[in-house]
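Participant: Let me begin by handing over the structure; questions about it come next.
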Amino acid sequence: MRCLALDIGGTKIAAAIVKNGEIEQRQQIHTPRENVVEGMHQALGKLLADYEGQFDYVAVASTGIINNGILSALNPKNLGGLAEFPLKASIAKHTDKPIGLLNDAQAATYAEYQLQNSEQVSNFVFITVSTGVGGGIVLNQILQTGSRGIAGHIGHTLADPNGAICGCGRRGCVEAIASGRAIEAVSSQWEEPCDPKEVFERFRKNDEKATALVERSAKAIANLIADLVISLDIQKIAIGGSVGLAEGYLSLVEKYLQDFPSIYCCEIETAKFGQDAGLIGAAYWVKDVLLDKPEGTIYG
């Protein structure tokens, strides 16, 4: 089966045909920034038209929460006016093929899980530490999406009850402490302001302030991992994202995990899929759902 996969992010929309895990005819456009609702309708219509007659189903990975085909977000700023956007209905105007939708981090999780031996690893988590902190959870070999599409929003678990207010409105979320956005919120106030990329450059040069800031992030992720392991019996975790894959970051996380009793720890690895994890994961997931549900029931 040939899939038209879409990956909708805050700044870009990627599209490609996915067949047998291989990407073909990939293209990328900017996410609309003005007249965003109408702009998104038009962008989706154009992408569907570009691939007309070349696919058997549509799989969409999107930032935010997918619930009954509607796109929303815990942090409305991430969608820039697309809150409560009828994503599935918008796509359905342009195709009669089956459509499946899920969160982009959930999709990336499913892609990463395809690389695991499911007989040995039945409980798996993917964590992305990037502009925000997100993830996905596989339990008993099944990706958890939840009844409202919010399963895996692990960046909005508690890290510090006295911490900064998160974009979701709660105080002290992991995302408000560990993310690239949280790092920049601090580093932009320094006497010599810098972005997260430069923070890590200074960290690797043993700059005291940069090191403290990166360590704060890594500690929050280490504690998140410990919470996930002890609450869900997670066997392996993959870490990705621009912060998560930054040189020296994963070793810091592992260092802090060593301070915990061993029952709180599991095997940690770097994520293997890059920018196309959402496309591939969404294509795999929707195909598996279609195969498991012959009547054509599609989640999202």
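Using N, Cα and C of the backbone, Cβ positions are placed for all residues, glycine too.
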Participant: For the Zn(2+) site that Swiss-Prot describes with Cys166, Cys168, Cys173, which of these is also annotated: His153, His156?
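Facilitator: For the Zn(2+) site that includes Cys166, Cys168, Cys173, Swiss-Prot also lists His156.
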Participant: Cβ within 8 Å of the Zn(2+) site centroid (His156, Cys166, Cys168, Cys173 excluded): which residues?
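Facilitator: Going along the sequence, the neighbours appear as Leu74, Asn75, Gly155, Gly167, Gly169, Arg170, Val174, Glu175, Ala176.
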Participant: Using a 10 Å cut-off on CB atoms, tell me which of the binding-site residues Gly9, Gly134, Gly136 is the least crowded.
Facilitator: Gly9
Participant: Here the binding-site residues are Ala5, Val138, Cys166, Cys168, Cys173; which one has the lowest number of other Cβ atoms no more than 10 Å from its Cβ?
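Facilitator: Lowest Cβ count within 10 Å among the binding-site residues (Ala5, Val138, Cys166, Cys168, Cys173) is Cys168.
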Participant: Could you tally the C-beta atoms, other than its own, that fall within 10 angstroms of the C-beta of His156 (Zn(2+) binding site)?
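Facilitator: 21, counting other Cβ atoms within 10 Å of His156 (Zn(2+) binding site).
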